[in-house]
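K.L.:
Before anything else, here's the structure in question.
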């Protein structure tokens, strides 16, 4: 039976196709040992995020899917049983011929398998970005877990000695208010990630959309605050007086945060068997060089341990040598590499 290729600008509205797409994505992840589609692109499949899609159909069964976002970044998956049958190439041809996409494109290869490398070579693509997945095993009562607990306690002490206050997102909103806290969150995020293609340039609406997931836990976001007594006319932060503080010259500034993640399916596992993630670690420019980046990382890891995680994972840019070095000191090892290849249609 010939494989056909259908295009969608509203895939999320086609429930019968969505079911087949998710089935093939599950099969690909099981066979390859790594998901072919990232969290952001999964959301682009299930809801309107401006993504377009090409779906390969082998009769009534989904045989592959290609997704492209508004920035011309592409992710795709091909069912194991139809690999080496030009399905991947045909998905790109349909993207060009049916959706009219041509010119430069960036293609993610999650896991960067030998098959993926051969495929992108056929597109005359070059390697432009590496994203490392690192992990550390830390079951309860093991040496690694005890070291993390001790590191977290030391981090709490280090923050207190420098007059920084660690509050969860829940506690921060109770102390101040949601709009002010979210504004500070976005300010610090964009300052730290001005260079980042996905993490930078956020606004409050985008932040709230990013938090709108089944796994988000406001107590899993640790925020580092400092009381600023600087009397300069132009300052950022949250005025103390507006929130029950004393005086009009003080503000609380956010200087960093650690957004941790425990997927919903992991929360259903027994304590000690869950996998958590160092999801986003962020530090203000003027707070660097004081050991706070490692401290807030350790605080989040301690929180993940306390919430039953026996393994912790993270993703980091391959060319971010200081961060990779820090994570290795904390016991993390590289387990696989995701790669972006740049080519042309």
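Quick reminder: no glycine exception, Cβ is built from N, Cα and C everywhere.
According to Swiss-Prot, the acetyl-CoA 1 binding site annotation covers 76, 77, 78. Sequence annotations record features per position, and here Swiss-Prot assigns acetyl-CoA 2 binding site to 281, 282, 283, 288, 289, 290, 291, 292, 293, 294 based on sequence analysis. Feature annotation from Swiss-Prot assigns domain 'N-acetyltransferase 1' to 6-149. Residues or ranges marked as domain 'N-acetyltransferase 2' in Swiss-Prot: 164-345.
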K.L.:
These are the binding-site residues: 289, 291, 293. Which one scores highest on other Cβ atoms within 10 Å?
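P.N.:
When each Cβ's neighbours within 10 Å are tallied, 293 tops the list.
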K.L.:
Using a Cβ-Cβ cut-off under 8 angstroms and a sequence gap of six or more, which residues of the chain neighbour residue 77 (acetyl-CoA 1 binding site)?
P.N.:
24, 25, 28, 36, 37, 64, 65
K.L.:
Which residues does residue 78 (acetyl-CoA 1 binding site) neighbour through Cβ under 8 Å, counting only same-chain ones at least six apart?
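P.N.:
Sequence-distant Cβ neighbours: 28, 56, 63, 64, 87, 88, 91.
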K.L.:
Note the Cβ centroid of 281, 282, 283, 288, 289, 290, 291, 292, 293, 294, the recorded acetyl-CoA 2 site, then list each other residue of that chain whose Cβ lies within 8 Å of it, in sequence.
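P.N.:
Near the acetyl-CoA 2 site, the remaining chain residues are 256, 287, 295, 296.
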K.L.:
Based on DSSP, name the secondary structure state of residue 289 (acetyl-CoA 2 binding site): helix, strand or coil.
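P.N.:
Coil, per DSSP.
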K.L.:
Taking 10 A as the limit, how many CB atoms besides its own sit near the CB of residue 281 (acetyl-CoA 2 binding site)?
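P.N.:
Its Cβ has 23 other Cβ atoms within 10 Å.
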K.L.:
Can you give me the same-chain residues 6 or more apart in sequence from residue 76 (acetyl-CoA 1 binding site) with a CB-CB distance under 8 Å?
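P.N.:
Long-range Cβ contacts: 36, 37, 64, 65, 66, 67, 88, 91, 107.
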K.L.:
Would you list the DSSP helix, strand and coil counts for the residues of the domain 'N-acetyltransferase 1' (6-149)?
P.N.:
59 helix, 42 strand, 43 coil
